[in-house]
Ligand SMILES: NC(=O)C1=CN([C@@H]2O[C@H](COP(=O)(O)OP(=O)(O)OC[C@H]3O[C@@H](n4cnc5c(N)ncnc54)[C@H](OP(=O)(O)O)[C@@H]3O)[C@@H](O)[C@H]2O)C=CC1
Ligand SMILES: CC(=O)[C@](C)(O)C(=O)O
Ligand SMILES: [Mg+2]
Ligand SMILES: [Mg+2]
């Protein structure tokens, strides 16, 4: 049975038109949610901690800013969009004491509810609306009149309105322009962690880096290696995004298409897929979550070491030089 997809025509904004939405945080997702909801005509307040570096950015965007406590007290819906590792402490200290009956507590990712790190009270609605893409792109596509697909889930429906509120919220940030479907906190959490690790972020970056290093170590010019293994990925993926594998393969040469079929399975092998299944099990059984939280609670030693390794990598240095020569690639700093 195909999933029921929800689009603008299927979803009313009325469940949230007279509600105040507190967006807690002002980072990648939060700035996009806040601005998109505001531009949809909904009532938004941004909740930030004392001395927040984000305050000036939110105010420059024309958004009202309050403390997390005041924003929670005032709002009907509280959308918690700060880093996953920091959510439990902020929730306990600044949100829970003011999360009164009838309000809604919302998330952009199910991590902390699914792994039992945040346990909301029974008298509130609990839902998630997870856009399927980076926050900066959620804002960009909305501003361009387009939308980013999203998924929503209800973990607790105290008011009997939670599902309609979640769907209206998804429309408010522009996701029903592209399509929204219902999920669960478990499915959203596990598929999102799997996808970002095995394909979108971990898989893709390691594939690109291995390809670049293979060419450079064989003596080819790093600029050609950059164009071939990184820059052109977007161009190929744009065709896949628009037309699927078939459309992309229509555009490339027969030579490339033949090589695609011959060599692809040598790179992404049966062992790769077997390891993907192991990755999924690690996620399902909480081992990844525990490793992430342990690193976070120790000040991210592993994460910072990895960040350091890439900082001087030729892929980054050559890439920046080449991108600087392409005026059509935005040089604008990311807003947050
Ligand atoms: N990044 C993405 O594209 C996606 C993220 N998500 C989910 O969205 C949620 C937010 O992630 P993301 O947007 O990446 O978060 P960010 O890392 O971009 O969040 C930064 C914001 O969080 C605030 N913040 C950080 N730590 C604290 C704290 N301890 N107390 C209060 N405020 C704090 C910062 O404020 P200050 O200026 O005060 O430091 C800043 O405004 C997560 O659940 C994530 O899984 C879901 C889909 C995609
Ligand atoms: C951008 C997105 O969808 C991710 C990869 O899940 C995330 O940033 O957590
Ligand atoms: Mg994701
Ligand atoms: Mg994610």
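Backbone N, Cα and C define each Cβ position, glycine as well.
Curation does not apply to TrEMBL; its annotations are automatic.
If you check TrEMBL, you get these features:
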DOMAIN    3-183  domain 'KARI N-terminal Rossmann'
ACT_SITE  109  active site
DOMAIN    184-329  domain 'KARI C-terminal knotted'
BINDING   192, 196  Mg(2+) 1 binding site
BINDING   253  substrate binding site
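Shown here: features listed in TrEMBL, placed on the structure.
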residue : record                 : Cβ contacts under 8 Å, 6 or more apart
109     : active site            : 84, 128, 130, 188, 189, 192
196     : Mg(2+) 1 binding site  : 202
253     : substrate binding site : none
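Under DSSP, residues within the domain 'KARI C-terminal knotted' (184-329) fall into helix, strand and coil as 124 helix, 0 strand, 22 coil. The binding-site residues near ligand 4, defined by a Cβ under 6 Å from one of its atoms, are 192, 196, chosen from 192, 196, 253. Proximity of the recorded positions 109, 192, 253 to ligand 3, judged by a Cβ distance under 6 angstroms to any of its atoms, singles out 192 in sequence order. The 6 Å Cβ screen around ligand 1 retains 109 from the recorded positions 109, 192, 196, 253, ordered by sequence position. With a CB cut-off of under 6 A applied against ligand 2, the binding-site residues 192, 196, 253 are reduced to 192, 196.
All chains included, 20 other C-beta atoms sit within 10 angstroms of the C-beta of residue 192 (Mg(2+) 1 binding site).
Mean per-residue pLDDT, taken over the domain 'KARI N-terminal Rossmann' (3-183), amounts to 98.
Under the three-state DSSP scheme, residue 109 (active site) falls in the coil class.
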